[in-house]
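The block underneath contains the structure these notes are about, expressed in C-alpha cells.
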C-alpha cells in the first residue's frame, strides 16, 4: 500500500460538488428583495403625517411674529402671482425633513425646496407608536417603494399674505401605487386647532363617515383667483340657480365638500398635485368622488407630472356622476 502516493481529483466531479454547495447556500439565504425594499407600517406613517402637518402649522403661525418676507415664484397662465414666504420654507423644513428622517426610503414631494443646512432648530417628529390616538386602525405594512408622500407646507399662501387665515392649511398625502390612500389637512388658525384625516377603507377623524348629498340649492366652491371663467362652467354644468362660493386654498375647499357645507369643488385651471392629493384621499375615503374634469382618476405616483392640467371635480358620488353626464351632454 502506497500511503505516500498522490490523490487524483476528478475535476468535473469537483465542479459539480461546488455548484451543488453554492446552490444550496443560495437556497438557504433570505431573499434579497426584503433587504432592497424596506417595509413601512402605514399606521406609523399616518401618525408621522399628522405630527408633520401640525408642526408645520405651528411654524406658519409662529412666522407671523417675524416680518413676512414675500417673493414671487412667477405667475400662472392666467397672470395670477404665485407668492412664497419665509413661512412656507419654515413649514417645509419641519414637515419634509421630519418625515424623511423617519422614512428615508419613501419618496417625499413638497411644494417648496430648501436644503437641510438652511433649516434651523430642526427637531425630530415625536411619534409614539404605542399611542391610543388611532386605536382602531390596523398595523398594515407595505413595500416602501410603492409609496409617495406629497406635502404642501402652506396651502393658500396668497391668502396668508392677505391675512385671510381661515383659508390656510398644511397638508400631507400618502399615495400607494399612485392612488391616494391617506389625507391629512391641518387648520392652524382655528380657535381650537383641528387636524382632519382619513385613511381609505380604514377610518377617519370625521364624525360623518360618508359624505351625503347636499340638501337645498347647489353651492359650488371655486377659486377666488380664477372665479370668472369657472363661474360660466358652473352655471352650465350645475344649473343657473347654482350659488358660487369663492375661496382660497385647495385644502379648505376640499374640507368644505367633506363636511357637506357645499355641493362640490370645481376647478378649471392648472393645479399642482400637492394642492389636491390630501383632499382627494379624504373625499374618496368618505365615499365621494375626486377626479379631473373628464372623470379620470389622478395619478399621484412619483413618476407622474406634478401639475394637473385637466381641472378638478370633487363631490358626493351621485352629484359627481350627474355633473359629468351634463358636461358630456354639452359636448355631444
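Cβ from N, Cα, C; glycine included.
As recorded in TrEMBL, the features of this protein are as follows:
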{"type": "TRANSMEM", "residues": "12-29", "note": "transmembrane segment"}
{"type": "BINDING", "residues": "111, 152, 154, 155, 275", "note": "Mg(2+) binding site"}
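In sequence order, 168, 169, 170, 171, 249, 250, 251, 252, 275 make up the list of same-chain residues 6 or more apart from residue 155 (Mg(2+) binding site) whose Cβ falls under 8 Å from its Cβ. In sequence order, 56, 60, 85, 87, 88, 91, 160, 168, 170 are the residues near residue 154 (Mg(2+) binding site), counting only same-chain partners six or more apart with C-beta under 8 A. Within 8 A of the CB centroid of the Mg(2+) site residues 111, 152, 154, 155, 275, the other residues of that chain are 151, 153, 156, 157, 169, 170, 171, 249, 250, 251, 272, 274.
Annotation note: residue 111 (Mg(2+) binding site) sits in a coil segment as assigned by DSSP. DSSP classifies residue 275 (Mg(2+) binding site) as helix under the three-state reduction.
According to DSSP, residue 154 (Mg(2+) binding site) is assigned to a strand segment. Sequence-distant neighbours of residue 152 (Mg(2+) binding site) (same chain, 6+ apart, CB under 8 A from its CB) are 110, 111, 169, 170, 171, 251, 274, 275, 278.
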